[in-house]
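These came from Swiss-Prot, pasted as-is:
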BINDING   Cys1628, Cys1631, Cys1655, Cys1658  Zn(2+) 1 binding site
BINDING   Cys1647, Cys1650, Cys1677, Cys1680  Zn(2+) 2 binding site
COMPBIAS  584-628  compositional bias 'Low complexity'
COMPBIAS  711-722  compositional bias 'Low complexity'
COMPBIAS  739-749  compositional bias 'Acidic residues'
COMPBIAS  1026-1047  compositional bias 'Low complexity'
COMPBIAS  1065-1084  compositional bias 'Low complexity'
COMPBIAS  1112-1130  compositional bias 'Low complexity'
COMPBIAS  1469-1479  compositional bias 'Low complexity'
DOMAIN    234-332  domain 'PH'
DOMAIN    658-793  domain 'GRAM 1'
DOMAIN    881-948  domain 'GRAM 2'
REGION    20-40  region 'Disordered'
REGION    142-166  region 'Disordered'
REGION    573-645  region 'Disordered'
REGION    707-756  region 'Disordered'
REGION    1011-1047  region 'Disordered'
REGION    1062-1085  region 'Disordered'
REGION    1110-1130  region 'Disordered'
REGION    1466-1488  region 'Disordered'
ZN_FING   1622-1685  zinc finger
Amino acid sequence: MDEFTSDSLTTSRLLRQISHSDSLSSVGSSSNRSNSNYENKINNGIINDFDSTNANDGISNNSNNSNNNNNSSSILKIHQSPQSILSTEQQHQIQQYQQYHQQQIYESGYVPPHVYIFDPDYKSNNDEEDKEKRSLIELNKSTDLSNIKTTTTTTTTTTPPPLMIPENEEENKQLRQEILNELSKSESFTKIKEPGEIYGFCECSLLYNHLTCANLVITSNYLIFLPQQQVDSDYVLENYLYKKGDFFWKKYWFVLTPDSISWYKSSILKETHYPNGTILLSKIVTVDKLDPEETGKPFCLQIMTNTSIHLIQLDTEPQLEHWYHEINRMQKNLNVTIPIGDIVSITMESNAALFFDSLCLTLKKGENCLVTPSSSSNEVYSLLIKLWNRNRGVTVVEPEKQQRLLEFQKTFKLSQGVNLLIETPCVFYQDEEFSYEGVLYATTEGTLYFSSLDSVLIIPESDIYAITIDRKSDNRDALKVYTTDYDVLFFDSIDDIETFFNVISTSLARSNPKIFFSTVGQIPPIDEPKHDEKEHKSTYQTISSGIRSWKIPIPSLPNFSIPIPKSIPIPLFRSKSSSHLDPQNSQQQQQQQQQSSSLQLDDNNNNIVIPHTSNPTTIIPSTSSSSAIPPPPSSTSSTSSTTHEKTIIIQKNSSINSTFHDIFPLLPLDETVIMFQNCSLYYYSYDSNVEGIVYITKSYIAFNPSPLDKQQQQQQQQQQQQPNSSSITSTTYDRDLDTDSDTDSESDFDYPKQSQHDNSVVMVNNNQYKVKEVLMKKALIPIEDIVSVTKERFLLFFNQCVKIITLDHKWIFGSLNNINSFYNLILETWKQIPKTLLDSSSSSSSSSSSSLLSSSPNNNNSDLNINGNSEGSIFTPLESIKIKNKLGLPADEVLITWFNCTNFKGAQLKYGFLYISNNNICFRSKFGFQKRTIVIPLSQVIEIKKYSAFIPNGIKITTASHHEFQFASFIHRNRVYQILYETWLKANNKKSNSSNSLSSSPTITSPLAISPSIASPSITPPSSTPPSSTTPSSTTPTITSPTIHSTLPSTVVYNDIQEIIDGENNSNNNNNNNNTNNTNKSNSFIGNVEEDVDKIKRSIKSLPILKIHSAQQQQQQQPKTTTTTTSTTTTNLISPRLLTPLTITQSPGFSSLVNSPILPVKPLRITILTIGSRGDIQPFIALSLGLKEYGHNVTLATHELYRDLISKEFGLNYQPLGGDPRELMDLCVRNGIFTPKFIKEALSRFRSFIDDLLLTCWKAVQNSNTQVLIATPGCFAGPHIGEVLQIPFFNAFTMPFTRTRTYPNPFAPFASHQMGGVFNLATHVMMEKVLWQPISGQINQWRTETLKIPPWNSSVSINETYRMPYLYCFSKYLVPKPPDWSGEIAITGYWTLKNQANSDSPPDDLIQFLNEESSTENDDIPIYIGFGSIVIDNPTALSLLLIEAIKLSGKRAIISQGWGGLSIDEHNNNNNNNNNNNNGENSDSNKSSLQSNRIYLLKKPVDHSWLFEKVSLVISHGGAGTVAASLLAAKPTIVVPFFGDQFFWGERIKQTGIGTSIPFDILTAKSLSSHIISILNEPSVRAKVNKMSHLLKREDGVKTAIDFIHRYLPFSFIPPREIPFSSAPNSCMGCKQPFTLLHVMKARVHCHCCGKIFCESCTSHKCPIKKYRINTPVRVCDKCFNDLQSNPSSNSFILND
């Protein structure tokens, strides 16, 4: 008996704890334990002593069993002790007992989760097993332990059984309905089409590519794995990162979603909706952080998938850690669906070291996954076997019979099970030269199978001509089987030949009455063959006669207990489009055959071409049962896919075919080798070539790499012959000649191969060998997947090579001895593919994603093609793939047609092609350096109409977000219009039908496969109709909710929107208002735009986005949401934690901060320095409150004007700063910021202000005993204080203030003008000098006298020099992140207050004014006009202008008095005020504002978030806070900028199409009134501002900022300024050795950590300094080196440090 050691127990227990780390709330709950009616009485002596034996392993005992620990004796000890002897039978029974209770003895206090089984026949099937368990328990009780000195005290405990089986049918229905109700609230489950009836539910761990914990839902059609560890489905991590391409690194905008990693060219998605590339998280095998020495670059992530390797470089170490952990975290939230029909085998893996009691599932694609149930593995295994057999149409009751059938299936390599009719031992022979003893089987399908130790014989029913009993045999009667080609097979030594003959004759007579039967040995009648058959027979008569000449070997079969074939341990690399071995594809292939055979081969020949001939009497046709070509849509036959057409005899362990099938055990037996050669295969995906042998069969091209040591020897010999070329390895790629100049290289990561030093060459070569050892895979290329075959020269091989392009990969075979034969054979085999199969495969590619995942491959959506032609007849397969890759379309998209046209955007015309597919309208420009790519989902289109403007024959397409796309110059505009219109209607009808049927028959979505770029020209296909894209009918495993393009924009407001598309038609919004309104009424398909949006809302089904929330989040949101309906069943079943009900209605606002969260860092003393107006201060109040809620001690230092607001109203610590914001505001408004007049007056008036500000900042930080400092650039003192105190420092600002080419500096005089990247960058450099030069003397004097540090003499700021972390409190949707901003810069979103102060409650007369309605209009919502803290030079003139504009617009208005002192002229409003004076509602003494029917003057500050919700339009000065409040309230904005950043915000409002900007210098009443009317009457503006508001409310800027601060705390220190040599002492500051004339040769060296000067001996150490973001080793002094080694992370405030 195998002993269960403590090591294996520890490993198993750890795996179980991993699997149960996130268990369901219903599992092991108190209600289930209290209501359990089951009792499991066991002998606790075994368990307790076993626990005490492994006490060192951390296994705790239950309190109920604590009294038995000292007195009990373990049976395991008895067995292991040499003095204790048990009988063999007792040892075997105890071993069975231990295996059965393995799940319950890890921890005595552990209760396994329940496994729900709803099979009504399950209990009866397990009665015998229950009896066996009870007998084992009784055996344990009666075991004689007299040899043990200590007595055993046996106690019983009552534990809830892990298996939950309903008592009756009613309870069965109730439990099933309860779980179904929970599952129906999960989008991952509802998207599955026809999931079937639920039979089981349990927790498990799934090992597929990576290990995850999941909940397994077992239905009659699927195995559905839902995640246990939930993450926020709306959470998106995005930033600019570098990705390794073919040769260079390129920066992309990376977006991490809950199911994929996608990258785009830029963060502004106004050119395309689809990414440049995508990595499915489900396909990721490993994510590793690479050492800089391996890649030559720091902060690199290596992401390895099934087929490729991607290398990504990040900017900082915190960013690297953040992405690394987020990718691993989101992998735990994936959903995997496995159709039961795709399972090839299910076995129980009980001997594995880590995964005992696991279920090994082998899938059709050759993939394997391990499922480890939390408990009751045997019961789950039995249930899966039953459902699997039922799905295959096989009825198996006895386990022995089931195992025998599985062994039979594996023996004959059948992909589907069969029903055995009878079997008998016999001797098979055809002549005296060979005979085999074995077993003859007959199945209900009529096929005869014979198996022996040396051979396998398969005689299909279609090849049987006659069966007789030979009475003339010498020994006993023999059974003679005649084939249709008149070969005779003898089966002798059958025990009861009469019975066997009667059974098979009865069965065959029913299926094929033409078969001749005789019991007396009568010779069957022979029909004269037809003329063509005679010629065919005579052609091969000299080659083969009889079965002897076509003996085909098969490999030795693996043991039954291990389902994975034991072949050479090299992974298999398949073409992902149709590399699976689909058994349901033989019907169509049997129509047209490729006849092939193989003669006896010489294993020693390196270049063997087997004649492409066959004997039709003996060779199975080319259309094997395992071929991957799908049947045509009309094929509905349910015949077993494992049937053969001709008789096959296969000898084991002989010739090359035996070796071939040993290497590729999953291939069917009839795949014989036609040719094999030694060659080199260049793996294009990995940029590596591998030596090996290529095999060609009738259906596949297979490659097996040679061992790595042989390749190394060959390469070393080549390097010795060519010593000069050893240092440089060729990295030449075969580029696509048709590739555009802007086409990004999507090739996967290749390690660096060039070096200048010999040592680095050795390291690089070693890395290459290591990579090849990891990536060396067998290749299996289905011939039907081939798109093109070319013979050309490739620089890597120097000679000619054969390039094969499939649907998803590129294969290059070189170093071929007989390249012409290899090329011709592949070309000839490719030509033999039946044309009907190609047509069916091309038509099947047009099927929808839901049909791809259905079990039936017969669905076809060819009606999507308007022209009635399939995609293959318009576009060749290679053209189709190239077009989809350039447009970023998914692989299953069906291209319908294309047209030449021009696209009009702004003032630019682009000529190109308009592509129409079944789901999108696409445009791709042809000329120009920068290509224009536009992808418009048909689901977003609300209007298609003809128009003629600047360019003739135009068509305008309008989306739901009111973006207009104009295409013109169509030669046949009517035809284009008709196709677009019909395709649009069909797409919307399909979406509507699928949406309406979602509740009854939910659909499943397939993963969106983004094929890699195929960069190679192809030759003309060899046949008239080339092979087109084949759609795999197998879909295992499938991610049920892959949102690869989760950033795809959908209908405004109604769906989740990830990005806003700006810049499409913003310049023409105002010019085309009247034209748009008129055409909407006359020429549009749907008259009213609002009705269009409503209809699209009802009909559109957007891309699926996961929305499963955690239980904690649901509990927090529950008071704000509608109550979910509870089940009416009486069963006390608690909902599983991960299947929590989804909220139907949620608050549109952002989620609030978590109360009392677990602090990631220690509580810190944080000081925030800021100055400015109320709008500048308020965001930092929100940040301070958030930090305080996290447990930090926050001090906010600002002007004395805001003391009461900060300390009294919000309860924050306050420190005063110098200066009056009113004086600064008045100076800026009167003179303009940073003008010569402004600088002249500022130097005279504000020199004392700067000195006072610097001193008060220093005092505020000292008084607060600051540990972390956050400051705005306007305080000037922030980075200098952070440098002297050596504390973490963060910049924070409300506008972009970092150098970039995307935006100009907001304070620049021309900030509102976009003049290119060089100009924008120059404005930042100019403003840095303008800000620094006037005050540099004061700051340096303050540094030297007060801070005691050297002066800062550089004109480049400290922030730019050291790349300090920067927090920007605005939205990425309004100001997208520029590509040249690194990871230290975070755009967090707006910092808004959760609750405003009570003192800002609105006055009663304002509420009354808002509630009044105009007598002329029913909906006369007022507009808001206010300029906040702007000090206006002439407030009376501005007030009159505003009143006049309000009168012209005919709107009601609220005017805020603000700091500018706006007022209303009483004379202009006498008529409107008479009614109010007569009513006497307001007295003259207490009147705080003037109220009229049209205008209200607001004198008291009111909360903008409350007020803006009540108005229709906001007119403001463009301050950052006011703009944020208006956007959050979803109100259009008119910005009247006065100075500074207000011009920048006005320009951003105008560019995004949510308002406009009118500079104050050119403001007139007429222009203002016209803009008010146009904006309020423009539907597109309302739609865009609603979208923007929805996006902003989803952001949580405060939480994002706090997370960023915590993440960058260890890396936000400012290095101390190096002491100048001129002012340094004349001696080393370490050893004190003088630098005098006697030591003039002694070098002086700066320490990069402390900045002091030392000699070389005192700075001999080098190391990176992470807290200063210095990642390369630099010189440091001995003291600093010791400090860095003792605390390498410099993160003393981290809790877990």
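Cβ from N, Cα, C; glycine included.
Looking at the shown structure, what environment does each listed feature sit in?
Using a 10 Å radius centred on the Cβ of Cys1631 (Zn(2+) 1 binding site) and all shown protein chains, the other Cβ atoms total 11. In the three-state DSSP scheme, Cys1631 (Zn(2+) 1 binding site) is classed as coil.
Less than 8 angstroms from the CB of Cys1680 (Zn(2+) 2 binding site) sit Cys1647, Cys1649, Cys1650, each of them six or more residues away in the same chain.
If you take every residue in the domain 'PH' (234-332) and average the pLDDT, you get 84.
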Which secondary structure state does DSSP assign to Cys1680 (Zn(2+) 2 binding site), in the simple three-class scheme?
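It is helical.
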Looking only at C-alpha atoms, tell me how far Cys1658 (Zn(2+) 1 binding site) is from Cys1677 (Zn(2+) 2 binding site), rounded to the nearest Å.
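Spelling it out, the Cα of Cys1658 (Zn(2+) 1 binding site) and the Cα of Cys1677 (Zn(2+) 2 binding site) are 6 Å apart.
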Mind telling me which of the binding-site residues Cys1647, Cys1650, Cys1655, Cys1658 has the densest Cβ neighbourhood, counting other Cβ atoms within 10 Å?
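Per the Cβ count within 10 Å, the most buried is Cys1647.
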Going by DSSP, is Cys1655 (Zn(2+) 1 binding site) part of a helix, a strand, or coil?
coil
Specify all same-chain residues, apart from the site residues Cys1647, Cys1650, Cys1677, Cys1680, whose Cβ lies within 8 angstroms of the center of the Cβ atoms of the Zn(2+) 2 site, ordered by sequence.
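The answer, listed by sequence position, is His1648, Cys1649, Gly1651, Lys1652, Phe1654, Thr1659, Val1676, Asp1678, Lys1679, Phe1681.
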Whole-number Å distance between the CA of Cys1655 (Zn(2+) 1 binding site) and the CA of Cys1677 (Zn(2+) 2 binding site)?
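Between the Cα atoms of Cys1655 (Zn(2+) 1 binding site) and Cys1677 (Zn(2+) 2 binding site), the distance comes to 9 Å.
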Measure the Cβ-based neighbour count of Cys1677 (Zn(2+) 2 binding site), defined as the other Cβ atoms within 10 Å of its Cβ.
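Looking across every protein chain shown, the total is 25.
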Name, in the order they occur in the sequence, the residues of the same chain whose CB lies under 8 A from the CB of Cys1628 (Zn(2+) 1 binding site) and which sit 6 or more residues away.
Pro1634, Phe1635, Ile1653, Phe1654, Cys1655, Cys1658
Rounded to the nearest Å, what's the C-alpha distance separating Cys1631 (Zn(2+) 1 binding site) and Cys1677 (Zn(2+) 2 binding site)? Just drop the number here, would you?
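Each residue's Cα considered, Cys1631 (Zn(2+) 1 binding site) and Cys1677 (Zn(2+) 2 binding site) end up 11 Å apart.
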In the same chain, outside Cys1628, Cys1631, Cys1655, Cys1658, whose C-beta lies within 8 angstroms of the Cβ mean position for the Zn(2+) 1 site?
Met1629, Gly1630, Lys1632, Gln1633, Phe1654, Glu1656, Ser1657, Thr1659
Could you check what DSSP calls Cys1647 (Zn(2+) 2 binding site) once collapsed to helix, strand or coil?
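It is coil.
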